[in-house]
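Enquirer: Look at TrEMBL and you will find B:7-28, B:34-59, B:105-127, B:161-177, B:232-251, B:257-276 tagged as transmembrane segment.
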Amino acid sequence: MTALPEAADKKLGLVIDLDTCVGCHACVVNCKEWNTSNYGNPLSDIDAYGAEPEGTFLNRVHAFEVTPDTGGCAQTIHFPKSCLHCEDAPCVTVCPTGASYKRVEDGIVLVNENDCMGCGLCAWACPYGARELDALAGIMKKCTLCVDRIYNENLPEEDREPACVRTCPAGARHFGDLGDPSSDVSKLVAEREGMDLMPEMGTKPVNKYLPPRQKDTLLADMALTPKSEEPKGFLAWLDKALEAL
Amino acid sequence: MHPAPSVIVFTTLSGLGFGLLAFLGLGLPDVSGMTAFVFFFIGYGLAIAGLLAATFHLGNKVNAHKAFSQWRTSWLSREGVCSVAALLVMAPYAIGRIFCDANWAILGWVGALLCLGTVFTTSMIYAQLKTVPRWNMRWTPALFLTHALAGGALLAGQISAAAILLALLGAVLAISWKQGDQRFEDTGTTLGTATGLDSIGTVRQLEPPHSGKNYLLKEMAFQVGRKHSAKLRAIALALGVIVPVLCLTVLPFSHGLALVAILSHLVGIMAGRWLFFAEAKHVVSLYYQS
(Lines of atoms letter the chains of each structure in order from A and count residues from 1; the text may use other names and numbers.)
(Lines give C-alpha, C1' and ligand atoms only; values in the text may rest on other atoms or scores of the structure.)
Protein backbone atom coordinates (compact mmCIF):
# COMPACT_ATOMS: atom_id res chain seq x y z
CA MET A 1 0.00 0.00 0.00
CA THR A 2 1.19 3.47 -0.82
CA ALA A 3 0.19 4.78 2.57
CA LEU A 4 3.00 6.51 4.44
CA PRO A 5 4.34 4.85 7.59
CA GLU A 6 3.10 6.43 10.85
CA ALA A 7 6.70 7.11 11.79
CA ALA A 8 9.92 5.77 10.39
CA ASP A 9 12.32 4.15 12.88
CA LYS A 10 15.19 6.13 11.43
CA LYS A 11 15.36 9.18 9.20
CA LEU A 12 18.31 8.51 6.94
CA GLY A 13 19.15 11.44 4.74
CA LEU A 14 21.67 13.95 3.52
CA VAL A 15 22.91 17.27 4.79
CA ILE A 16 24.21 19.51 2.03
CA ASP A 17 26.49 22.39 2.87
CA LEU A 18 25.84 25.25 0.47
CA ASP A 19 28.78 27.13 1.96
CA THR A 20 31.25 24.43 0.98
CA CYS A 21 29.90 23.10 -2.33
CA VAL A 22 32.15 24.22 -5.19
CA GLY A 23 29.85 23.03 -7.96
CA CYS A 24 32.26 20.46 -9.41
CA HIS A 25 29.45 18.00 -10.29
CA ALA A 26 31.47 15.03 -9.00
CA CYS A 27 28.39 13.93 -7.00
CA VAL A 28 26.31 14.03 -10.21
CA VAL A 29 28.80 11.87 -12.06
CA ASN A 30 29.37 9.35 -9.29
CA CYS A 31 25.62 9.08 -8.65
CA LYS A 32 25.01 8.37 -12.31
CA GLU A 33 27.87 5.85 -12.44
CA TRP A 34 26.75 3.90 -9.38
CA ASN A 35 23.06 3.95 -10.11
CA THR A 36 23.30 3.13 -13.78
CA SER A 37 25.38 0.03 -13.11
CA ASN A 38 23.74 -1.33 -9.97
CA TYR A 39 20.16 -1.58 -8.61
CA GLY A 40 17.31 -1.32 -11.11
CA ASN A 41 17.07 -0.11 -14.69
CA PRO A 42 20.08 1.88 -15.93
CA LEU A 43 19.86 5.67 -16.18
CA SER A 44 19.65 6.04 -19.92
CA ASP A 45 21.09 8.78 -22.11
CA ILE A 46 19.72 9.95 -25.43
CA ASP A 47 21.98 11.41 -28.12
CA ALA A 48 24.84 11.10 -25.63
CA TYR A 49 27.57 12.08 -28.11
CA GLY A 50 25.39 14.26 -30.34
CA ALA A 51 24.42 17.91 -30.42
CA GLU A 52 21.61 17.70 -27.88
CA PRO A 53 22.50 15.15 -25.24
CA GLU A 54 20.03 14.48 -22.44
CA GLY A 55 19.51 11.75 -19.93
CA THR A 56 18.19 10.64 -16.58
CA PHE A 57 19.94 11.92 -13.49
CA LEU A 58 19.04 11.46 -9.84
CA ASN A 59 21.05 14.43 -8.69
CA ARG A 60 21.66 17.72 -10.45
CA VAL A 61 23.68 20.76 -9.40
CA HIS A 62 22.07 24.12 -10.08
CA ALA A 63 23.87 27.44 -9.74
CA PHE A 64 22.19 30.49 -8.27
CA GLU A 65 23.29 33.96 -7.41
CA VAL A 66 22.04 35.70 -4.30
CA THR A 67 22.41 39.42 -3.73
CA PRO A 68 22.07 40.40 -0.07
CA ASP A 69 19.22 42.83 0.58
CA THR A 70 21.45 44.59 3.08
CA GLY A 71 24.03 45.37 0.42
CA GLY A 72 27.39 43.73 -0.03
CA CYS A 73 28.77 41.23 -2.48
CA ALA A 74 26.56 38.92 -4.49
CA GLN A 75 27.34 35.25 -3.86
CA THR A 76 27.34 32.33 -6.23
CA ILE A 77 25.66 29.32 -4.66
CA HIS A 78 26.15 25.87 -6.12
CA PHE A 79 23.03 23.98 -5.31
CA PRO A 80 22.90 20.17 -5.55
CA LYS A 81 19.34 18.85 -5.63
CA SER A 82 18.11 15.29 -5.27
CA CYS A 83 15.30 13.45 -3.45
CA LEU A 84 14.78 14.85 0.06
CA HIS A 85 13.15 11.61 1.34
CA CYS A 86 10.28 13.65 2.79
CA GLU A 87 8.46 12.48 5.90
CA ASP A 88 5.17 13.48 4.30
CA ALA A 89 6.09 12.41 0.79
CA PRO A 90 3.30 13.35 -1.66
CA CYS A 91 4.95 11.23 -4.37
CA VAL A 92 4.19 8.07 -2.39
CA THR A 93 0.49 8.54 -1.70
CA VAL A 94 -0.43 9.52 -5.28
CA CYS A 95 1.03 6.30 -6.73
CA PRO A 96 -1.80 4.16 -8.13
CA THR A 97 0.11 0.90 -8.48
CA GLY A 98 1.85 0.67 -5.13
CA ALA A 99 5.29 1.04 -6.74
CA SER A 100 6.27 4.06 -4.64
CA TYR A 101 6.83 3.50 -0.97
CA LYS A 102 8.57 4.87 2.08
CA ARG A 103 10.44 2.35 4.20
CA VAL A 104 9.47 2.04 7.86
CA GLU A 105 12.95 0.95 8.96
CA ASP A 106 14.93 3.94 7.66
CA GLY A 107 12.53 6.32 5.91
CA ILE A 108 14.07 5.90 2.45
CA VAL A 109 11.61 6.61 -0.37
CA LEU A 110 11.93 4.02 -3.14
CA VAL A 111 10.25 2.86 -6.35
CA ASN A 112 9.60 -0.81 -6.88
CA GLU A 113 10.35 -0.94 -10.59
CA ASN A 114 8.40 -4.17 -11.07
CA ASP A 115 5.19 -2.34 -10.16
CA CYS A 116 5.71 1.06 -11.81
CA MET A 117 3.52 1.76 -14.86
CA GLY A 118 5.27 5.01 -15.75
CA CYS A 119 2.28 7.34 -15.37
CA GLY A 120 4.49 10.12 -14.02
CA LEU A 121 2.02 11.34 -11.40
CA CYS A 122 4.60 11.02 -8.60
CA ALA A 123 6.92 13.36 -10.52
CA TRP A 124 4.05 15.85 -10.74
CA ALA A 125 3.45 15.56 -7.01
CA CYS A 126 7.08 16.27 -6.07
CA PRO A 127 7.83 19.99 -5.61
CA TYR A 128 11.59 19.45 -5.97
CA GLY A 129 11.87 17.73 -9.35
CA ALA A 130 13.48 14.75 -7.67
CA ARG A 131 11.90 12.11 -9.89
CA GLU A 132 12.58 11.58 -13.57
CA LEU A 133 10.87 9.11 -15.86
CA ASP A 134 13.55 7.22 -17.76
CA ALA A 135 12.93 7.73 -21.47
CA LEU A 136 14.08 4.24 -22.47
CA ALA A 137 12.80 2.12 -19.59
CA GLY A 138 9.53 4.06 -19.17
CA ILE A 139 9.97 3.69 -15.43
CA MET A 140 10.29 6.31 -12.72
CA LYS A 141 13.80 6.77 -11.36
CA LYS A 142 14.79 8.51 -8.17
CA CYS A 143 17.53 8.71 -5.55
CA THR A 144 17.68 5.49 -3.53
CA LEU A 145 20.05 7.02 -0.98
CA CYS A 146 22.29 4.28 -2.41
CA VAL A 147 20.37 1.66 -0.47
CA ASP A 148 22.59 -0.91 -2.22
CA ARG A 149 25.74 0.69 -0.77
CA ILE A 150 24.85 1.79 2.74
CA TYR A 151 23.98 -1.72 3.96
CA ASN A 152 26.34 -3.56 1.59
CA GLU A 153 28.71 -5.74 3.62
CA ASN A 154 30.69 -6.61 0.50
CA LEU A 155 32.01 -3.06 0.46
CA PRO A 156 34.72 -1.76 2.82
CA GLU A 157 33.12 0.13 5.69
CA GLU A 158 34.21 3.57 4.49
CA ASP A 159 32.34 2.99 1.22
CA ARG A 160 29.02 2.28 2.94
CA GLU A 161 27.59 5.70 2.30
CA PRO A 162 25.82 7.18 -0.73
CA ALA A 163 28.00 7.56 -3.83
CA CYS A 164 27.52 11.34 -3.88
CA VAL A 165 28.73 11.69 -0.29
CA ARG A 166 31.66 9.33 -0.77
CA THR A 167 32.94 11.21 -3.80
CA CYS A 168 32.45 14.84 -2.74
CA PRO A 169 35.96 16.34 -2.75
CA ALA A 170 34.88 19.40 -0.79
CA GLY A 171 33.20 17.55 2.07
CA ALA A 172 29.97 19.39 1.32
CA ARG A 173 27.73 16.33 1.64
CA HIS A 174 27.00 14.44 4.84
CA PHE A 175 24.98 11.27 5.41
CA GLY A 176 23.36 10.02 8.58
CA ASP A 177 20.27 9.56 10.76
CA LEU A 178 18.48 12.88 11.04
CA GLY A 179 15.96 11.33 13.42
CA ASP A 180 18.65 10.85 16.07
CA PRO A 181 19.43 14.21 17.72
CA SER A 182 22.85 12.93 18.83
CA SER A 183 24.03 11.97 15.34
CA ASP A 184 26.76 14.00 13.66
CA VAL A 185 24.39 15.18 10.93
CA SER A 186 21.77 16.33 13.45
CA LYS A 187 24.42 18.25 15.40
CA LEU A 188 25.61 19.86 12.19
CA VAL A 189 22.07 20.92 11.31
CA ALA A 190 21.54 22.37 14.79
CA GLU A 191 24.85 24.22 14.75
CA ARG A 192 24.52 25.69 11.25
CA GLU A 193 20.75 26.25 11.28
CA GLY A 194 19.99 23.74 8.55
CA MET A 195 16.91 24.53 6.52
CA ASP A 196 14.09 22.89 4.58
CA LEU A 197 13.38 23.63 0.93
CA MET A 198 9.85 24.93 0.23
CA PRO A 199 8.57 24.31 3.77
CA GLU A 200 5.20 25.78 2.66
CA MET A 201 4.58 22.65 0.58
CA GLY A 202 4.19 20.69 3.81
CA THR A 203 6.38 17.79 2.70
CA LYS A 204 8.63 17.79 5.80
CA PRO A 205 11.88 16.99 3.98
CA VAL A 206 14.42 14.83 5.81
CA ASN A 207 17.40 16.21 3.86
CA LYS A 208 18.61 19.56 5.15
CA TYR A 209 20.58 22.35 3.52
CA LEU A 210 23.15 24.37 5.44
CA PRO A 211 22.90 28.02 4.38
CA PRO A 212 26.00 29.74 3.01
CA ARG A 213 27.82 31.95 5.49
CA GLN A 214 27.44 35.64 4.85
CA LYS A 215 30.41 37.12 2.97
CA ASP A 216 32.31 40.20 4.12
CA THR A 217 31.30 43.56 2.78
CA LEU A 218 33.92 45.52 0.88
CA LEU A 219 34.86 48.71 2.72
CA ALA A 220 36.44 51.72 1.04
CA ASP A 221 39.74 51.54 2.96
CA MET A 222 40.18 47.84 2.17
CA ALA A 223 41.10 48.52 -1.45
CA LEU A 224 44.85 48.56 -2.22
CA THR A 225 46.38 51.95 -2.94
CA PRO A 226 48.58 52.35 -6.05
CA LYS A 227 52.26 51.98 -5.20
CA SER A 228 53.99 53.17 -8.38
CA GLU A 229 56.12 56.25 -8.22
CA GLU A 230 57.99 58.32 -10.74
CA PRO A 231 60.80 56.14 -12.20
CA LYS A 232 64.47 56.97 -11.55
CA GLY A 233 67.81 56.14 -13.16
CA PHE A 234 67.79 53.64 -15.99
CA LEU A 235 64.00 53.28 -15.97
CA ALA A 236 63.59 57.08 -16.18
CA TRP A 237 65.91 57.12 -19.24
CA LEU A 238 63.97 54.21 -20.82
CA ASP A 239 60.71 55.99 -20.14
CA LYS A 240 61.94 59.14 -21.84
CA ALA A 241 63.46 57.24 -24.76
CA LEU A 242 60.24 55.34 -25.38
CA GLU A 243 58.14 58.51 -25.25
CA ALA A 244 60.50 60.22 -27.74
CA LEU A 245 60.09 57.41 -30.25
CA MET B 1 2.46 21.62 -17.46
CA HIS B 2 2.95 19.85 -20.76
CA PRO B 3 -0.46 19.58 -22.47
CA ALA B 4 -0.09 15.98 -23.66
CA PRO B 5 -2.71 15.27 -26.37
CA SER B 6 -3.47 11.88 -24.81
CA VAL B 7 -4.46 13.46 -21.49
CA ILE B 8 -6.51 16.23 -23.11
CA VAL B 9 -8.39 13.72 -25.26
CA PHE B 10 -8.83 11.45 -22.25
CA THR B 11 -10.26 14.07 -19.89
CA THR B 12 -12.58 15.66 -22.45
CA LEU B 13 -13.95 12.52 -24.11
CA SER B 14 -14.32 10.47 -20.96
CA GLY B 15 -15.92 13.47 -19.25
CA LEU B 16 -18.49 13.76 -22.04
CA GLY B 17 -19.05 9.99 -22.14
CA PHE B 18 -19.58 9.62 -18.40
CA GLY B 19 -21.76 12.76 -18.42
CA LEU B 20 -24.01 11.23 -21.08
CA LEU B 21 -24.10 7.87 -19.29
CA ALA B 22 -25.09 9.65 -16.07
CA PHE B 23 -28.09 11.25 -17.81
CA LEU B 24 -29.03 7.92 -19.41
CA GLY B 25 -28.82 6.30 -15.99
CA LEU B 26 -31.36 8.82 -14.70
CA GLY B 27 -33.67 7.90 -17.58
CA LEU B 28 -33.11 11.17 -19.42
CA PRO B 29 -34.09 10.66 -22.20
CA ASP B 30 -36.45 7.75 -21.47
CA VAL B 31 -35.41 5.60 -24.42
CA SER B 32 -35.50 1.90 -25.39
CA GLY B 33 -34.62 -0.38 -28.27
CA MET B 34 -32.52 0.96 -31.12
CA THR B 35 -32.62 4.57 -29.91
CA ALA B 36 -31.31 3.44 -26.53
CA PHE B 37 -28.59 1.44 -28.31
CA VAL B 38 -27.37 4.53 -30.16
CA PHE B 39 -27.29 6.62 -26.98
CA PHE B 40 -25.46 3.96 -24.94
CA PHE B 41 -23.10 3.27 -27.84
CA ILE B 42 -22.07 6.95 -27.93
CA GLY B 43 -21.76 7.10 -24.12
CA TYR B 44 -19.68 3.93 -23.85
CA GLY B 45 -17.70 4.81 -26.97
CA LEU B 46 -16.63 8.21 -25.61
CA ALA B 47 -15.90 6.92 -22.10
CA ILE B 48 -13.84 3.96 -23.32
CA ALA B 49 -12.04 5.95 -26.04
CA GLY B 50 -11.08 8.45 -23.35
CA LEU B 51 -9.83 5.76 -20.95
CA LEU B 52 -7.82 4.10 -23.73
CA ALA B 53 -6.27 7.45 -24.70
CA ALA B 54 -5.14 7.83 -21.09
CA THR B 55 -3.06 4.65 -21.34
CA PHE B 56 -1.05 6.13 -24.24
CA HIS B 57 1.00 8.30 -21.94
CA LEU B 58 2.06 5.40 -19.71
CA GLY B 59 5.74 4.52 -19.92
CA ASN B 60 5.27 0.91 -18.90
CA LYS B 61 1.78 -0.26 -19.88
CA VAL B 62 2.28 -3.86 -18.74
CA ASN B 63 1.77 -2.75 -15.16
CA ALA B 64 -1.40 -0.74 -15.87
CA HIS B 65 -3.64 -3.36 -14.23
CA LYS B 66 -1.87 -2.72 -10.91
CA ALA B 67 -3.40 0.79 -10.91
CA PHE B 68 -6.58 -0.65 -9.38
CA SER B 69 -4.80 -1.64 -6.18
CA GLN B 70 -4.11 1.60 -4.27
CA TRP B 71 -7.61 3.09 -3.98
CA ARG B 72 -7.07 3.74 -0.27
CA THR B 73 -4.55 6.50 -0.92
CA SER B 74 -4.36 7.32 -4.62
CA TRP B 75 -6.94 9.36 -6.57
CA LEU B 76 -5.66 7.91 -9.83
CA SER B 77 -6.31 4.42 -8.52
CA ARG B 78 -9.77 5.48 -7.27
CA GLU B 79 -10.52 6.81 -10.74
CA GLY B 80 -9.58 3.46 -12.27
CA VAL B 81 -11.80 1.54 -9.85
CA CYS B 82 -14.67 4.00 -10.20
CA SER B 83 -14.61 4.03 -14.00
CA VAL B 84 -14.65 0.25 -14.30
CA ALA B 85 -17.42 0.00 -11.68
CA ALA B 86 -19.47 2.62 -13.56
CA LEU B 87 -19.12 0.82 -16.87
CA LEU B 88 -19.94 -2.55 -15.29
CA VAL B 89 -23.03 -1.29 -13.43
CA MET B 90 -24.35 0.61 -16.43
CA ALA B 91 -23.99 -2.46 -18.70
CA PRO B 92 -26.96 -4.51 -17.40
CA TYR B 93 -29.02 -1.31 -17.17
CA ALA B 94 -28.24 -0.60 -20.85
CA ILE B 95 -29.10 -4.19 -21.79
CA GLY B 96 -32.44 -3.80 -20.01
CA ARG B 97 -33.20 -0.60 -21.91
CA ILE B 98 -32.03 -1.88 -25.30
CA PHE B 99 -33.25 -5.48 -25.37
CA CYS B 100 -35.88 -5.95 -22.64
CA ASP B 101 -37.66 -2.61 -22.85
CA ALA B 102 -37.16 -2.48 -19.09
CA ASN B 103 -36.10 0.35 -16.80
CA TRP B 104 -34.11 -1.07 -13.90
CA ALA B 105 -34.05 2.33 -12.23
CA ILE B 106 -31.95 1.46 -9.19
CA LEU B 107 -29.12 0.17 -11.39
CA GLY B 108 -29.42 3.33 -13.45
CA TRP B 109 -29.21 5.58 -10.39
CA VAL B 110 -26.19 3.73 -8.97
CA GLY B 111 -24.57 3.78 -12.41
CA ALA B 112 -25.17 7.53 -12.76
CA LEU B 113 -23.64 8.13 -9.35
CA LEU B 114 -20.58 6.07 -10.27
CA CYS B 115 -20.26 7.97 -13.57
CA LEU B 116 -20.17 11.29 -11.74
CA GLY B 117 -17.84 9.68 -9.17
CA THR B 118 -15.46 8.85 -12.00
CA VAL B 119 -15.44 12.47 -13.18
CA PHE B 120 -14.90 13.65 -9.62
CA THR B 121 -11.99 11.25 -9.04
CA THR B 122 -10.42 12.38 -12.34
CA SER B 123 -10.64 16.00 -11.20
CA MET B 124 -9.08 15.14 -7.83
CA ILE B 125 -5.97 13.76 -9.55
CA TYR B 126 -5.29 17.38 -10.52
CA ALA B 127 -6.89 19.18 -7.59
CA GLN B 128 -4.80 17.26 -5.02
CA LEU B 129 -1.47 18.54 -6.36
CA LYS B 130 -0.10 21.29 -4.14
CA THR B 131 2.78 21.55 -6.56
CA VAL B 132 0.49 22.96 -9.26
CA PRO B 133 -1.27 25.78 -7.40
CA ARG B 134 -3.60 26.61 -10.29
CA TRP B 135 -5.17 23.16 -10.02
CA ASN B 136 -5.00 22.90 -6.25
CA MET B 137 -8.41 24.42 -5.47
CA ARG B 138 -12.05 23.39 -5.01
CA TRP B 139 -13.02 24.92 -8.33
CA THR B 140 -11.18 22.15 -10.19
CA PRO B 141 -13.67 19.38 -9.27
CA ALA B 142 -16.52 21.86 -9.79
CA LEU B 143 -15.15 22.60 -13.26
CA PHE B 144 -14.81 18.94 -14.26
CA LEU B 145 -18.26 18.07 -12.95
CA THR B 146 -20.02 20.96 -14.71
CA HIS B 147 -18.12 20.07 -17.90
CA ALA B 148 -19.41 16.49 -17.71
CA LEU B 149 -22.96 17.50 -16.77
CA ALA B 150 -23.28 20.21 -19.43
CA GLY B 151 -21.76 18.03 -22.17
CA GLY B 152 -23.81 15.04 -21.03
CA ALA B 153 -27.05 17.02 -21.11
CA LEU B 154 -26.17 18.31 -24.57
CA LEU B 155 -25.49 14.81 -25.89
CA ALA B 156 -28.58 13.43 -24.15
CA GLY B 157 -30.72 16.01 -25.95
CA GLN B 158 -31.93 17.60 -22.71
CA ILE B 159 -32.35 21.02 -24.26
CA SER B 160 -33.39 23.18 -21.33
CA ALA B 161 -31.11 21.36 -18.85
CA ALA B 162 -28.21 21.67 -21.30
CA ALA B 163 -28.78 25.41 -21.77
CA ILE B 164 -28.78 26.00 -18.00
CA LEU B 165 -25.80 23.73 -17.34
CA LEU B 166 -23.80 25.28 -20.20
CA ALA B 167 -24.42 28.73 -18.78
CA LEU B 168 -23.27 27.40 -15.40
CA LEU B 169 -20.18 25.93 -17.08
CA GLY B 170 -19.38 29.34 -18.54
CA ALA B 171 -19.58 30.86 -15.07
CA VAL B 172 -17.45 28.14 -13.45
CA LEU B 173 -14.85 28.46 -16.24
CA ALA B 174 -14.61 32.20 -15.71
CA ILE B 175 -14.31 31.84 -11.93
CA SER B 176 -11.68 29.08 -12.26
CA TRP B 177 -9.58 31.23 -14.55
CA LYS B 178 -9.84 34.22 -12.27
CA GLN B 179 -9.12 32.27 -9.08
CA GLY B 180 -6.45 30.20 -10.82
CA ASP B 181 -4.51 33.27 -11.90
CA GLN B 182 -3.97 34.18 -8.27
CA ARG B 183 -3.15 30.75 -6.87
CA PHE B 184 0.58 30.57 -7.51
CA GLU B 185 1.22 33.88 -5.80
CA ASP B 186 -1.01 32.89 -2.88
CA THR B 187 1.21 29.91 -2.02
CA GLY B 188 4.10 32.30 -1.39
CA THR B 189 6.47 29.92 -3.15
CA THR B 190 9.36 31.69 -4.87
CA LEU B 191 12.86 30.77 -5.96
CA GLY B 192 13.80 32.19 -2.56
CA THR B 193 11.79 29.60 -0.59
CA ALA B 194 12.68 26.87 -3.10
CA THR B 195 16.37 27.37 -2.39
CA GLY B 196 16.02 28.63 1.19
CA LEU B 197 18.27 31.52 0.18
CA ASP B 198 15.59 34.19 0.66
CA SER B 199 16.98 34.70 4.16
CA ILE B 200 20.07 36.24 2.53
CA GLY B 201 18.62 38.23 -0.31
CA THR B 202 17.37 38.16 -3.87
CA VAL B 203 17.99 34.91 -5.73
CA ARG B 204 18.33 34.41 -9.47
CA GLN B 205 19.46 31.53 -11.61
CA LEU B 206 23.07 31.86 -12.65
CA GLU B 207 23.41 28.66 -14.66
CA PRO B 208 21.08 25.73 -15.28
CA PRO B 209 22.41 22.36 -14.08
CA HIS B 210 22.79 20.98 -17.61
CA SER B 211 22.96 22.30 -21.14
CA GLY B 212 20.31 20.03 -22.67
CA LYS B 213 16.69 19.32 -21.92
CA ASN B 214 15.43 16.90 -19.31
CA TYR B 215 12.24 15.13 -18.30
CA LEU B 216 11.33 17.83 -15.78
CA LEU B 217 11.60 20.63 -18.29
CA LYS B 218 9.63 18.77 -20.93
CA GLU B 219 6.89 17.65 -18.56
CA MET B 220 6.58 20.51 -16.09
CA ALA B 221 8.12 23.67 -17.44
CA PHE B 222 5.91 24.07 -20.50
CA GLN B 223 5.96 27.70 -21.64
CA VAL B 224 4.53 27.97 -25.15
CA GLY B 225 0.98 29.21 -25.49
CA ARG B 226 0.62 31.14 -22.27
CA LYS B 227 0.88 34.32 -24.30
CA HIS B 228 -2.29 33.35 -26.18
CA SER B 229 -4.12 32.68 -22.97
CA ALA B 230 -6.70 35.47 -23.34
CA LYS B 231 -7.56 34.48 -26.94
CA LEU B 232 -7.87 30.80 -26.05
CA ARG B 233 -10.11 31.63 -23.11
CA ALA B 234 -12.35 33.60 -25.45
CA ILE B 235 -12.41 30.68 -27.93
CA ALA B 236 -13.21 28.18 -25.18
CA LEU B 237 -16.04 30.35 -23.90
CA ALA B 238 -17.43 31.20 -27.34
CA LEU B 239 -17.32 27.72 -28.89
CA GLY B 240 -17.77 25.68 -25.72
CA VAL B 241 -20.63 27.67 -24.18
CA ILE B 242 -22.06 30.59 -26.16
CA VAL B 243 -22.51 28.93 -29.60
CA PRO B 244 -24.19 25.79 -28.15
CA VAL B 245 -26.47 27.88 -25.92
CA LEU B 246 -27.52 30.01 -28.88
CA CYS B 247 -28.16 26.87 -30.95
CA LEU B 248 -30.35 25.46 -28.19
CA THR B 249 -32.31 28.54 -27.16
CA VAL B 250 -32.49 31.16 -29.91
CA LEU B 251 -32.54 29.13 -33.11
CA PRO B 252 -35.31 26.66 -34.01
CA PHE B 253 -34.37 23.08 -33.07
CA SER B 254 -33.10 20.67 -35.72
CA HIS B 255 -30.80 17.66 -35.58
CA GLY B 256 -28.28 19.42 -37.82
CA LEU B 257 -28.15 22.35 -35.44
CA ALA B 258 -27.77 19.98 -32.46
CA LEU B 259 -24.74 18.47 -34.18
CA VAL B 260 -23.28 21.94 -34.70
CA ALA B 261 -23.86 22.65 -31.00
CA ILE B 262 -22.13 19.42 -29.96
CA LEU B 263 -19.11 19.82 -32.27
CA SER B 264 -18.68 23.46 -31.31
CA HIS B 265 -18.86 22.46 -27.63
CA LEU B 266 -16.24 19.73 -28.15
CA VAL B 267 -13.78 22.07 -29.88
CA GLY B 268 -14.37 24.73 -27.23
CA ILE B 269 -13.79 22.48 -24.25
CA MET B 270 -10.69 20.99 -25.89
CA ALA B 271 -9.25 24.51 -26.25
CA GLY B 272 -10.14 25.13 -22.60
CA ARG B 273 -8.61 21.84 -21.48
CA TRP B 274 -5.43 22.55 -23.46
CA LEU B 275 -5.18 25.81 -21.55
CA PHE B 276 -5.89 24.01 -18.26
CA PHE B 277 -2.58 22.20 -18.73
CA ALA B 278 -0.56 24.80 -20.65
CA GLU B 279 -1.29 27.58 -18.18
CA ALA B 280 -0.66 25.52 -15.06
CA LYS B 281 2.74 26.30 -13.59
CA HIS B 282 4.51 23.66 -11.51
CA VAL B 283 6.61 24.93 -8.60
CA VAL B 284 9.65 22.99 -9.85
CA SER B 285 9.86 25.41 -12.79
CA LEU B 286 11.16 28.00 -10.30
CA TYR B 287 14.49 26.17 -10.14
CA TYR B 288 14.89 26.63 -13.88
CA GLN B 289 13.64 30.20 -14.13
CA SER B 290 16.26 32.56 -15.52
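Quick reminder: no glycine exception, Cβ is built from N, Cα and C everywhere.
Source: prediction; values computed, not measured.
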Enquirer: So which residues does the transmembrane segment (B:161-177) touch in its own chain, when a touch means Cβ under 8 Å and the partner is 6 or more beyond its ends?
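Expert: Answer is 28, 137, 139-140, 142-143, 146-147, 149-150, 153-154, 233, 236-237, 240-242, 244-245, 248-249, 265, 272.
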Enquirer: Counting a contact as 3 or more Cβ pairs under 8 Å, with residues at least 6 apart in sequence, do the transmembrane segment (B:105-127) and the transmembrane segment (B:257-276) touch?
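Expert: With fewer than 3 qualifying Cβ pairs, these stretches do not touch.
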Enquirer: I'd like to know if the transmembrane segment (B:257-276) touches the transmembrane segment (B:7-28) in this structure, counting it as a touch only when three or more C-beta pairs sit under 8 Å and are separated by 6 or more positions.
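Expert: Yes, these stretches are in contact.
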Enquirer: Could you give the residue numbers and ranges of same-chain residues that sit at least 6 residues beyond the transmembrane segment (B:34-59) on either side and whose C-beta is under 8 angstroms from one of its C-beta atoms?
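Expert: 4, 6-7, 9-18, 20-21, 24, 83, 86-87, 90, 94, 97-98, 155-156.
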